[in-house]
Amino acid sequence: MLKTRIIPCLDVADGRVVKGVNFVDLRDAGDPVDAAIAYDAAGADELCFLDITATHENRATMFDVVTRTAEHCYIPLTVGGGVRSVSDVRALLLAGADKVSFNSAAVANPDVVAQAADQFGSQCIVVAIDAKTTSPGKWEIFTHGGRKPTGIDAVAFAQTVTAKGAGEILLTSMDRDGTRAGFNLPLTRAISDAVNVPVIASGGVGTLDHLVEGVTKGGASAVLAASIFHFGDYTIAQAKQHMSDAGIPMRLI
């Protein structure tokens, strides 16, 4: 049985790690390369960098962060934020990313997922879905850092992009992000049940039990968290042991 992965997420703005609450009120949680090295040493299974201020002007900053991280870290690195084209994917893979995540660009043009998967393989193409609850059992995709409603159903979109070749879904509940109230489990379960690729649950982790629930109740293949790790509430080792004790297969440190 495949092991469940724990993935610390580093939101990067202007070359620094920040952690927002509901995508605002950013806090400085340090240098991304230092944080990545620390997480690698601590036993994280993968890392995720999201460039939340991605613009043409600061792309060079992010490429530098990715290159320096890849030089020091040996766990898989997923990079997203401002990824718009196959050439963006190529540039990030060459810089040292193992996987590249589309978000808004995949909503605007799902075929970009197919183009990237055809060139580089589904195993390195992730689609990040930011969803908000609109009514019980219904979730809508928002883009541009959660500011722009799309009218697109999250479950249907997940099925569309996996059919196009996405090898993984990074699912963030925007209602829960930064709240520490736990994952949106109905959303996570609905997406996990609807697709045949791994789903990474994101948004809302406040306790180690929340990580367990993302897998046992949400059906996720991996769990992503930021603030509980960034600010020292729990270590990766504690999280892995807690999940293992709950019967979840983990790569223990």
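Here the Cβ of each residue, glycine as well, is placed from N, Cα and C on the backbone.
What Swiss-Prot records for Asp11 (among others) is active site. The local packing around Asp11 (active site), expressed as other Cβ atoms within 10 Å of its Cβ over all shown chains, amounts to 24.
What Swiss-Prot records for Asp130 (among others) is active site, and it gives sequence analysis as the kind of evidence. Taken residue by residue with DSSP, Asp130 (active site) is part of a strand. Counting Cβ atoms from all protein chains shown, Asp130 (active site) has 27 others lying within 10 Å of its own Cβ.
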